[in-house]
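Participant: These came from TrEMBL, pasted as-is:
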DOMAIN    42-432  domain 'Catalase core'
ACT_SITE  92  active site
ACT_SITE  165  active site
BINDING   379  heme binding site
REGION    520-546  region 'Disordered'
COMPBIAS  520-531  compositional bias 'Polar residues'
Ligand code: HEM
């Protein structure tokens, strides 16, 4: 720490200052103060205060007395505090974010003249906010929900807000339905229950009554609804936007960005437990990775359809409940998004950031997507009540390019604009509108015809084809998880009308799915369903995004020890994990010092009761007869092993710990372990009974061909989870 600002923050900030990425940093610096030991406590009006501890009172040393209202310092403190809260976002209230940069490596100037998407010499500063949709500001991170993934690009031509989600489609087609879908998903009106959950009558009642939601609820019930990390999610602009090129040609576009680390999810049981054990799991995960210098990255792309091809598809390309299948419209990746700096203050930088879909820059435009057009009205409007009409002046929201106009006044205006006129045209020609050559936003001259009517175009009426496409494209494991998700959600619906009808609705997607779910949750088992067209599409299953290269960077690995642990095995594992940029977390039976086999002391990061296996990606237990004996009689230690096995995590053990792991899992002849100096891998359990000098050397290759203990252990972690264990049904045979 230096001057109360963490070193990691300072380092990245200094590196960025010279670049275009640093433009936003320099801009924020105007309003940023550091707090230090040199400062003295003052009131908001600058007068130094002698105490922060005692209200002025009529009092004597041996007699308490009443507080005096005349104390301006005390009044300011209390009144200022009384008004600290602003309304939380009406949706997406729970979230966190980070700063970063956006860089184009392959210009898409055949589609747009927007420099942010074409200029390969630029770095555009960004701020990204991730969120859940339904929960209130204090709810848990890991609930089943859609995740918001909103990007503010501080471009040289003004701010561009791409307000996306981790799922490429939406529940409704027309923005007028937004209050209904959100009311139905939020806690029920009579008792404000449940918090941050779709598992209740009203949500599923809405879904049944809106066949247009069918595609989206399948995505929400899939693993996409429970991401392992915000750093491991895809992002989608969802709505159809347009791009305009220098020749004046317009293309329809969808934006998509894919994480370098691959798309990975939590196991549902893990997500449920984390909601209580570590409700801040996702925001801590992002903060930790950035602080450790493992910066999350996404490759950024577009799907593009020429204007002339708008009607060539059997779905309407302006319908936000539909994807553009990759085999018809492949994604062209051309840029990279990186997050590299944590915010310094949550409220001013994360809570006060305001995204508006209506903020686009020249070269990017809207389409007639009826959801997008409603959003363009809604965001700006809601910011006015959440932050006030001058919200664009807040440091985090203001653009890095010049802003000048005749918008004036309003609560908390703080820009002082000098001059005698505040209207256009004026006799001084002050602040005149810009020409196209000067970079003005010019609307595309789009032909419009139609009648005023409350109808949707015909292709908007087909609601099941892509829900079937999604289901057909899932891997067996993902299908299994979707069934389990319906099992949980519909079990929480107490009204038989709701779960009964939903089971019937599933038969519109797949009869087998409907029958399996009805068996789980009750309701009449459907005997007939809508014909499933049997088609599949690439890029819908998240198994298609394992990550660019196998890595364990940023993965948390617990090393479990008690007094007498094998010091050499511990040291090698700790060093190897650190070198691979993973996060080794030492978990003891207690947090006070634990003594190793050679008498050396280690201070664990946590103890077995305080921390849980849900918070790590893998566990390693070194041998040491005494340590293993202690762990073998510790119920919580055994639970850690069983739970990690149940959650499909890689488990590594050496020496005496091999038998401990084998016994704890208790699946004797099926899950096998090493009994020699050979490393053995069985269903993601990597063991080495006899540790010889040099047999635990660092991992070099992470691949199927891996031979050494560390290599096999690391390769297992890099695979995220051991699906083979679930496919064989082994995890469900262990109590955890
Ligand atoms: C394609 C569908 C949609 C997507 C991807 C989406 C995404 C998002 C995201 C990511 C946020 C959080 C922004 C932040 O981090 O501050 C958000 C907030 C919000 N969305 Fe949407 N949304 C969608 C549809 C809609 C619709 C149809 C409406 C209204 C007609 C709407 C109204 C709002 C409002 C009022 C907020 C709160 C904004 C604030 O207070 O800062 N959204 N949305």
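The backbone N, Cα and C atoms fix where each Cβ goes, and this holds for glycine too.
TrEMBL annotations: computationally assigned, not manually curated.
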Participant: Take the region 'Disordered' (520-546) and count its residues per DSSP category (helix H/G/I, strand E/B, coil), listing them in that order.
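Facilitator: The counts are 5 helix, 0 strand, 22 coil.
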Participant: Distance check, please: Cα of residue 92 (active site) against Cα of residue 165 (active site), rounded to an integer number of angstrom.
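Facilitator: Distance (Cα to Cα, whole Å): 11 Å.
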Participant: Do any residues of this chain, six or more beyond the ends of the region 'Disordered' (520-546), have a C-beta under 8 angstroms from a C-beta of it, and if so which?
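Facilitator: That would be 222-224, 234, 258-259, 262-265, 323, 325-327, 331, 464-465, 468-475, 477-478, 483, 486-487, 490-491, 496, 499-504, 506-511, 514, 719-720.
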Participant: 10 Å Cβ neighbour count around residue 165 (active site)?
Facilitator: 24
Participant: Determine the minimum-neighbour residue: among 92, 379, listed as recorded positions, which Cβ has the fewest other Cβ atoms within 10 angstroms?
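Facilitator: If we count Cβ atoms within 10 Å for the recorded positions 92, 379, the smallest count is at 379.
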Participant: What mean pLDDT score does the domain 'Catalase core' (42-432) have in the model?
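Facilitator: It averages 97.
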Participant: Reduce the DSSP letter at residue 92 (active site) to three states and note it down.
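Facilitator: DSSP call for residue 92 (active site): coil, neither helix nor strand.
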Participant: What three-state class does DSSP give residue 379 (heme binding site)?
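Facilitator: Assignment for residue 379 (heme binding site) reads helix.
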Participant: Express the distance between the Cα positions of residue 379 (heme binding site) and residue 165 (active site) as a whole number of Å.
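Facilitator: Residue 379 (heme binding site) and residue 165 (active site) have their Cα atoms 15 Å apart.
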